[in-house]
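Chemist: Relevant sequence annotations retrieved from TrEMBL are reproduced here:
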{"type": "DOMAIN", "residues": "68-203", "note": "domain 'AP complex mu/sigma subunit'"}
{"type": "TRANSMEM", "residues": "283-307", "note": "transmembrane segment"}
{"type": "TRANSMEM", "residues": "319-340", "note": "transmembrane segment"}
{"type": "TRANSMEM", "residues": "360-381", "note": "transmembrane segment"}
{"type": "TRANSMEM", "residues": "540-562", "note": "transmembrane segment"}
{"type": "TRANSMEM", "residues": "582-601", "note": "transmembrane segment"}
{"type": "TRANSMEM", "residues": "613-632", "note": "transmembrane segment"}
Amino acid sequence: MWHLSIGGRRFALLTTNKIWCYHNKLESAIYNALEKAQRERERDLLFQVLELSPPISSPLAMELPPKVKNILLLDSEGKRIAAKYYSGDWPTNTAKEAFEKAVFSKTQKTNARTEVEVTALENNIIVYKFVQDLHFFVTGGEEENELILASVLQGLFDAVNLLLRGNADKREALDNLDLIFLCFDEIIDGGIVLETDANVIAEKAGINSIDPNAPLSEQTISQALATAREHLTRFLLLFSSVLKKTATESILQIVHDTMAASSSTILCNASESDPCRDDSAAFLLKLVAIASILLSGAAGVSVPLIGRNRRFLQTDGSLFVTAKAFAAGVILATGFVHMLAGGTEALKNPCLPEFPWSKFPFPGFFAMVAALITLLVDFMGTQYYERKQEREADDDQLQGLVVPLVGEGECNVEKVFGEEDSGGIHIVGIHAHAAHHRHSHPHGHGSCDGHSKIDIGHGHGHGHVHGGLELGSSARHVVVSQVLELGIVSHSIIIGISLGVSQSPCTIRPLIAALSFHQFFEGFALGGCISQAQFRNKSATIMACFFALTTPIGIGIGTAVASSFNSHSVGALVTEGVLDSLSAGILVYMALVDLIAADFLSKRMSCNFRLQIVSYLMLFLGAGLMSSLAIWA
């Protein structure tokens, strides 16, 4: 079987032995048919160039040229921008809109932005292409050649792109809708394809698209506006390229600073928001905190005061020394870990002005100043109470404290250390052993006895002096107890107010446990100092009550001002930071100098190895436990 295509039609030739003899005649007929078909095709092409209709008698001419049923231009939502129909398949506007909707629904999820795509719908072939928010469609019959329809679509696409000066979008298309319809008319006339060259189409549509420098007098209003817009865009791009780097950096910096300042202003001018906020639950927890902290503080400060009359809790017992070491560790950790850290956080808050708070380490400076002032107050207070007790002792027991050293007529004898102009030895707050006047014999019993004997008298007389030891030690404990209470009270007010202003049960719950623990052992250390100072019962009770009530009073104050208190205000932050730092300096000094050094460097501690081990363990245990509470409070 032989196959032959003539004029687009396919013929089949049967070859058998019976007709093979007619081969030459058939070959001649085939060549004649080919010549005839070629002449008819050339004639039809000539009619097409001359825009004349070919003779109806030619069956080949009836198939040429291809016909287009419609051209559609839709937006990204399927709404019509421009459309022309060349077929009666959609007689009404409703039918046209339904067809457009069906076309858009079928093609909207495809990617036709790089090349032309083809689909079939309702016995029609549709070629389409997208650019930005414009969707181009060309529809032909199912018998039409897809390549011819694609060339029509590409010509339309390129011509519109030239008409819109490369800015093909919905807004430009609506502004130049008249040019787009002219473009349709130049490509298709009555459904017959006339032109597919984009440059020719653009020229015939009345715009010199390939010459952007055409005179304005030869352009339409929309073309003139587009030209002006293009020139303005070029000028702005040139200008921005010069200032791009510096302008961009400046704008970004301004935006960043503005956003940071606005967010900081909002934070600093508003109360802190907390997802765990519950005013009623917080108020109940504050009442629990007042009761718990009051009882803990009162119990802690009362144990040493009541126990001084009990054998196992006396201030000179080993149990008291080890418990006091634990309390000293608690106070030391409170100063370093809690108070100094809290002061640093407050004075470094971004709500404070950058100058001077960010230019100098104020928390450490205030802590240092507080420690030095505490040293000065400690020294001056000790001197004052010692001299006061000396005067009182001189009036009552003049013979017991001052012993004549020289007889009459022996005024040129050399004085020993501690000898006064009156001819006696004055011992205050120290352990001393001295002798004078020719012969002196020491009678000490070793460095761990806790006291020394002093041999004083005429000739070989001997005497013992103990009054100065008791006198200096008592004055020292008076000063220590008062200064320690001052430091504890100052930070107790702050932590009480901080708990009182909080409206978050999640914050208050851990604070109750932490502050109760903290107040008990601070009270124990303070009570021990008060007990050692041997205050009268009335004075000791007043000092103990003042300590126990300070934190609950702070909680009450904080609760009263919680509704109007802004913890991020400048005044609140500065006050909190300064007081926390000063309290840290006082507590660190008192813990190291008056509690730890006074006990750990004493003769009693150095002579009792077991007491040393237990005291050091309790010291580190107290500091560690109090430090660990910083995780929750």
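Glycine is no exception: its Cβ is also placed from the backbone N, Cα and C atoms.
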Chemist: So which residues does the transmembrane segment (319-340) touch in its own chain, when a touch means Cβ under 8 Å and the partner is 6 or more beyond its ends?
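Modeler: Apart from its flanks, the transmembrane segment (319-340) reaches 304, 307, 312-313, 363-364, 367, 488, 491, 517-518, 521-522, 524-525, 528, 580-581, 583-588, 590-592, 595-596, 599-600, 604-605, 611, 614-616, 618-627, 629-630.
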Chemist: Have the transmembrane segment (540-562) and the transmembrane segment (283-307) got at least three CB pairs under 8 Å, pairs 6 or more apart in sequence?
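Modeler: By the criterion, they touch.
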Chemist: Report, as numbers and ranges, every residue of the chain located at least six residues beyond the transmembrane segment (360-381) whose Cβ falls under 8 Å of a Cβ in that stretch; write 'none' if there are none.
Modeler: 340, 343-344, 347-348, 478-480, 482-483, 487, 577-578, 580-586, 588-590, 593-594
Chemist: Excluding the flanking five residues on each side, which residues at least 6 beyond the ends of the transmembrane segment (582-601) place their CB within less than 8 Å of a CB in that stretch?
Modeler: 321, 324-325, 327-329, 331-332, 334-336, 339-340, 343, 363, 366-371, 374-375, 378, 480, 483-484, 486-488, 490-491, 494, 525, 529, 612, 615-616, 619
Chemist: So which residues does the transmembrane segment (613-632) touch in its own chain, when a touch means Cβ under 8 Å and the partner is 6 or more beyond its ends?
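Modeler: For the transmembrane segment (613-632), the sequence-distant neighbours (Cβ-Cβ under 8 Å, at least 6 residues beyond its ends) are 318, 321-323, 325-330, 332-334, 337-338, 341, 510, 513-514, 517-518, 521, 596, 599-600, 605.
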Chemist: Looking only at the domain 'AP complex mu/sigma subunit' (68-203), what is the model's average confidence as pLDDT?
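Modeler: A mean pLDDT of 87 is what the predicted model shows over the domain 'AP complex mu/sigma subunit' (68-203).
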Chemist: Can you count helix, strand and coil residues in the domain 'AP complex mu/sigma subunit' (68-203) using DSSP?
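Modeler: Split by secondary structure, the domain 'AP complex mu/sigma subunit' (68-203) comes out as 56 helix, 39 strand, 41 coil.
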